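Per Swiss-Prot, the features are as follows:
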BINDING   Gly221, Ser222, Ser223, Asp224, Thr225, Gly226  NAD(+) binding site
ACT_SITE  Glu244  active site
ACT_SITE  Cys278  active site
Amino acid sequence: MTELFIDGAWVAGSGPVFASRNPGTDEIAWQGESASAADVDRAVASARRAFAGWSALDFESRCAIVKRFAALLNERKEAIAAAIGRETGKPLWEARTEVASMAAKVGISIQAYQERTGEKRQDMADGVAVLRHRPHGVVAVFGPYNFPGHLPNGHIVPALIAGNAVVFKPSELAPGVARATVEVWKEAGLPDGVLNLVQGEKDTGIALANHRQIDGLFFTGSSDTGTLLHKQFGGRPEIVLALEMGGNNPLVIGEVEDIDAAVHHTIQSAFLSAGQRCTCARRIFVPQGAFGDRFLARLTDVTSKITADVFDADPQPFMGAVISARAAAKLVDAQSRLIEQGAKPIIAMTQRDPRLGFVNAAIVDVTGVANLPDEEHFGPLAQIVRYATFDDAIERANDTAFGLSAGLLADDAKTWEHFRRTIRAGIVNWNRPTNGASSAAPFGGTGRSGNHRPSAYYAADYCAYPMASVESTQLTLPASLSPGLHF
């Protein structure tokens, strides 16, 4: 089994065999050997050798290869979407949008690099000031399972455009998607060693993160893992560390005219991708009183009709399975703990089959929980908080160490102005789902949600460092000398 990609060739790993499974059927989706520490070392060494030639290649030539990659993605959309669905449980309709986002990332990243970095010149009295941007060198990219194509692609594409070489460690739950993506890069003509793939579980990740020859690490994943990485690199200022982590995201519901629109946006916020988006709403703030009761009744009615099925079902479901049977069981356990603390189930979550990742979209009222845990439950588990005043809702919405996304559904512009001024989050939406984001804007959050904007439009900022120069084409003695100098 040759599942590692090192120095332009598919090779076998020397670590333990592991497998990924389709969470909707429990069938093996991929199997292969993991990368040992020695394999990781070879991958990093390959990237280091390739870096000099790749970074010396002119910008237009690098972009030509990356554009070819985008074109091939579009040609292979169905095959890659099927790979995504098979390993993650994501329905095909949604997996197709992920592949489309991967291709669109190329044009956005090229534009961002030119606008936010590139080269700038300004005349001076005795020369010219030049600002250029240089790639860091070898960067490690750690990908998550929820968007195994799109999210690592959001690191890899801008890193390559800037001239870096990459060692890619995907989630052990979605290695097949990573292989399919790297195959497209190879066909696009990427030079040997510029992109290397190391498959594996925890030990592979540790070997890569600890490697002394990486110049940067770009991570998307859980807050717990990201925090450990932050501690690990605390004494290494030479490493550029970009972390995009999770959120305990609030959605505040105002007394709106169109209750169905509010319910739709709430369901999209809480249950899209089976709740496995870092920007999904975890806490739904609903006003006390008659309007809140009507909203909650309608939300319950529509949510109870949401279907979950295998990724390629016909007709297509709104939700697929969550990433694994283990993840499904953890979500049910999280619900049980909330109920023990005083939460009231409105729609209780159950796991359909202990071997599979199917859970239903669930709603629990946590208003009566005295000390609500500040935790991200990564799945379709919506927590309802009833509020008395709008300021009370904002205060409780901000009562989190995270700060990724937040949303307000309200008809009044003044209410929105107050909300956006006082809420604490990196992505703040009005009358749109919390997981709606523009690729033309930075993506990321505050607090425990991350330390940079490691994807979307600001990705260029951390893929290259600024190099300032003062230049003159001629070496001449100044017309006026400093005091004490005699020529």
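Each residue, glycine too, has its Cβ placed from N, Cα and C.
Annotated features taken from Swiss-Prot, shown on the structure.
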{"residue": "Gly221", "record": "NAD(+) binding site", "DSSP class": "coil"}
{"residue": "Gly226", "record": "NAD(+) binding site", "DSSP class": "helix"}
{"residue": "Glu244", "record": "active site", "DSSP class": "strand"}
{"residue": "Cys278", "record": "active site", "DSSP class": "coil"}
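On a Cα basis, Cys278 (active site) lies 9 Å away from Glu244 (active site).
Within 8 Å of the centroid defined by the CB atoms of Gly221, Ser222, Ser223, Asp224, Thr225, Gly226, the record's NAD(+) site, lie the Cβ atoms of Phe219, Thr227, Leu228, Leu229, Met245, Gly246, excluding the listed residues themselves.
For the pair Ser222 (NAD(+) binding site) and Cys278 (active site), the C-alpha distance works out to 9 angstrom.
Counting every protein chain shown, the number of other Cβ atoms lying within 10 Å of the Cβ of Ser223 (NAD(+) binding site) is 23. If you draw a 10 Å sphere around the CB of Thr225 (NAD(+) binding site), it holds 17 other CB atoms from the protein chains shown. The separation of Cys278 (active site) from Gly221 (NAD(+) binding site), Cα to Cα, is 9 Å. For Cys278 (active site), the spatially nearest entry among the binding-site residues Ser223, Asp224, Thr225, Gly226 is Ser223, judged by CA separation.
In sequence order, Phe219, Leu243, Glu244, Met245, Gly450 make up the list of same-chain residues 6 or more apart from Gly226 (NAD(+) binding site) whose Cβ falls under 8 Å from its Cβ. A sphere of 10 angstroms centred on the C-beta of Glu244 (active site) encloses 27 other C-beta atoms.
The highest number of surrounding Cβ atoms within 10 Å, among the binding-site residues Gly221, Ser222, Asp224, is found at Gly221.
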